[in-house]
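One structure below.
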Amino acid sequence: MTSHIKSEDTCPSGSTSVECSLSGFELLNSSLLNKGSAFLLEERSAFNLTGLLPPAVNSLHEQVDRAYKQLHFFKTPLSKSDFCTSMRVQNKVLYYRLVRDHIKELLPIVYTPTEGDAIIAYSSRFRKPEGCFLDINDPDGIDDRLSPFGDSRDIDYIVISDSEGILGIGDQGVGGVRICVAKGSLMTLCGGLHPGKVLPVVLDVGTNNKKLIDDELYMGNRFARVRGKRYDEFVEKVMTSLHKRFPYAVIHFEDFGVSTARPVLERYRRRYACFNDDIQGTGVVAMASMSAALEVTERKLSEAQVLIFGAGSAGLGIADQIVNHMVSHGVSREQAHAHIHCVDRFGLILDGMQDVSSPAQMVYCDRSVDWEGIDSKNLVEIVRKIRPTVLIGCSTQPGAFTKAVVKEMYKYNKRPIIFPLSNPTRLCEVRPEDAMEWTGYNALVATGSPFAPVNGHTISENNNCVAFPGIGLGAVLGRCEFISDKMISAAVDELAGMSPAKFDSKAGLLPDLEAIEEISARIATAVILEALKEGVVGVEGENSPLGVQVKVPRDFDACLAWVRSQMWKPEYSTLVRV
Ligand SMILES: NC(=O)C1=CN([C@@H]2O[C@H](COP(=O)(O)OP(=O)(O)OC[C@H]3O[C@@H](n4cnc5c(N)ncnc54)[C@H](O)[C@@H]3O)[C@@H](O)[C@H]2O)C=CC1
Ligand SMILES: CC(=O)C(=O)O
Ligand SMILES: [Mg+2]
């Protein structure tokens, strides 16, 4: 963040007027208030800008046209990403308008897959810091480091990462701050949160990435990742400090490592309004796509066999969501577990197995099948034995879904459901065009990164960015005390209900990204209404968990209209001098 404005200076929609005490260079350097060539003549005069700008006064639309042309002077995705970053730190309204107007072209630039390359190159391409840096060597300085971002109601949403499991490219040390910035900016772009009220936070706890440690330009701590008690105590101090300073903020965990993501979530999910995007966000999107695909194939959720390849944060998060969903649709938890099979680096997770990447995987160990004489490390043999309805990849192993694997799926399913979810694009378990060709164009495919349509079939981007903005927005607007499993399940049902596949199976399993604000608003509404049922919304005085008054309409359509009205839009406000 390059400048900070107080909550009372902002308005939810980003329109109407804003009181401003800055002028001259200070105003031009405030990314939240700067309008560049769109400052009106009377504003230029009132804020001492006349000599700092060329005479033309542009509309936002004209500025977007110019910026879009400038963007195309750059030929590589990474240089386009640099351009977008610099626009974000200069003029937030223009940045969000530009990306919104070209969302399908620019999301892959400002988010995965290009963002992964930008994170790898963080220290070498660094220009201007964004976000807050919390250092494990300075646990007593946490609050001082947070203080430039304000207090109390100044922050609505915090994206936090310790950078150990960034996007599929592993440990990225301090450069992981960029995933917090990127996910935070999606909260504005897709979830309508005011850009001044979203705080990206990176925990620099060291890195085990030798390339970074050996890089003379690397800007983070050059020691091995701190683990165990010191790490836990630091995270505890961070969480209590964040909550104390910003008691109304929802906390979004992103890209923690496989051994910390789940324990950290479990430790805090009942204490604060928080969720883990890789576990719960990914689970929501995958479950919604699966639901839509099952409807197309006229199969029941309660009969589906699901094979998850790569049982880390995302894989197990999807497994949890499928179980929750089956349970909420009348299947017992034990039966639901028997429908899920997980493969990790040591093969299929079997009962009594010693080699596992994390203890959490044992929850999904296979008890139901006799594996005698079968190679439980061979994916073709596993598919032959289990005959899965759905195959999901979260393994970071490119090409793992070979022709033999896909063809084996096709033997047992007229319309095999195949979700290669690993990011970035190069790590995808199977390319959609291959999966489609090997199944006579009958597979129902959704991917983690964006892909072009195949033979008229839309390949939905099964990325958590379709879900977390709505979940986050709902939790923020509801001032929720915490985020329950039922609130997450409500998000699944709402998202699945928006699938265009029930009308046309070629149209994709998820709604089009062009409608992302509406998708987020609907998910947020479902989350709030479920939270109301559970009594965790900060409403109506005395009983309000957070003591904040929020008046939420109980009817879906009225609540949706209220949610929409609260969403920030990239439009310039009129500045009023104070
Ligand atoms: N589409 C989406 O919305 C999301 C996609 N992802 C992607 O999913 C992938 C995994 O992410 P996380 O779960 O956060 O990482 P993670 O590190 O928690 O999990 C990866 C898992 O894959 C396993 N694995 C590694 N080699 C394997 C092999 N040869 N065979 C089977 N399993 C193997 C690892 O042991 C680990 O358990 C990444 O590429 C990430 O970008 C993650 C979150 C959301
Ligand atoms: C999309 C996402 O959260 C990931 O790849 O980690
Ligand atoms: Mg992630």
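Using N, Cα and C of the backbone, Cβ positions are placed for all residues, glycine too.
Quick look at what TrEMBL annotates:
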type	residues	note
DOMAIN	88-269	domain 'Malic enzyme N-terminal'
ACT_SITE	Tyr111	active site, proton donor
ACT_SITE	Lys183	active site, proton acceptor
BINDING	Glu254, Asp255, Asp278	divalent metal cation binding site
DOMAIN	279-532	domain 'Malic enzyme NAD-binding'
BINDING	Asn423, Asn463	(S)-malate binding site
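Screening the recorded positions Tyr111, Lys183, Asn423, Asn463 for a C-beta under 6 A from any atom of ligand 3 leaves none. Over the domain 'Malic enzyme N-terminal' (88-269), the average per-residue pLDDT in this prediction is 97. Counting in whole angstrom, Asn463 ((S)-malate binding site) lies 11 from Tyr111 (active site, proton donor) by their C-alpha atoms.
Asp278 (divalent metal cation binding site) falls within a helical segment according to DSSP.
Counting every protein chain shown, the number of other Cβ atoms lying within 10 Å of the Cβ of Asp278 (divalent metal cation binding site) is 27. Straight-line distance linking the Cα atoms of Glu254 (divalent metal cation binding site) and the residue listed as 'active site, proton acceptor', rounded to a whole number, equals 8 Å. In sequence order, Ala182, Leu186, Cys465 make up the list of same-chain residues 6 or more apart from Tyr111 (active site, proton donor) whose Cβ falls under 8 Å from its Cβ.
Taking CA atoms as the reference points, Asn423 ((S)-malate binding site) and Asp255 (divalent metal cation binding site) are 12 Å apart. Note: the CA-CA distance between Asp278 (divalent metal cation binding site) and the residue listed as 'active site, proton acceptor' rounds to 12 Å. Residue density at Asn463 ((S)-malate binding site): 24 other Cβ atoms are found within 10 A of its Cβ, drawing on all protein chains shown.
With a cut-off of 6 Å between Cβ and the nearest atom of ligand 1, the recorded positions Tyr111, Lys183, Asp278, Asn463 reduce to Asp278, Asn463.
Sequence-distant contacts (6 or more apart, same chain, Cβ under 8 Å) of Lys183 (active site, proton acceptor) comprise Val159, Pro200, His252, Glu254, Asp277, Cys465, Phe468. In the three-state DSSP classification, Lys183 (active site, proton acceptor) falls within a helix. In sequence order, Ser161, Gly165, Ile166, Leu167, Ile179, Lys183, Phe253, Phe256, Ala261, Asn276, Asp277, Ser313 are the same-chain residues whose CB sits within 8 A of the CB centroid of Glu254, Asp255, Asp278, the residues recorded for divalent metal cation being left out. According to its DSSP assignment, Asp255 (divalent metal cation binding site) is coil. In the three-state DSSP scheme, the residue listed as 'active site, proton donor' falls into the coil class.
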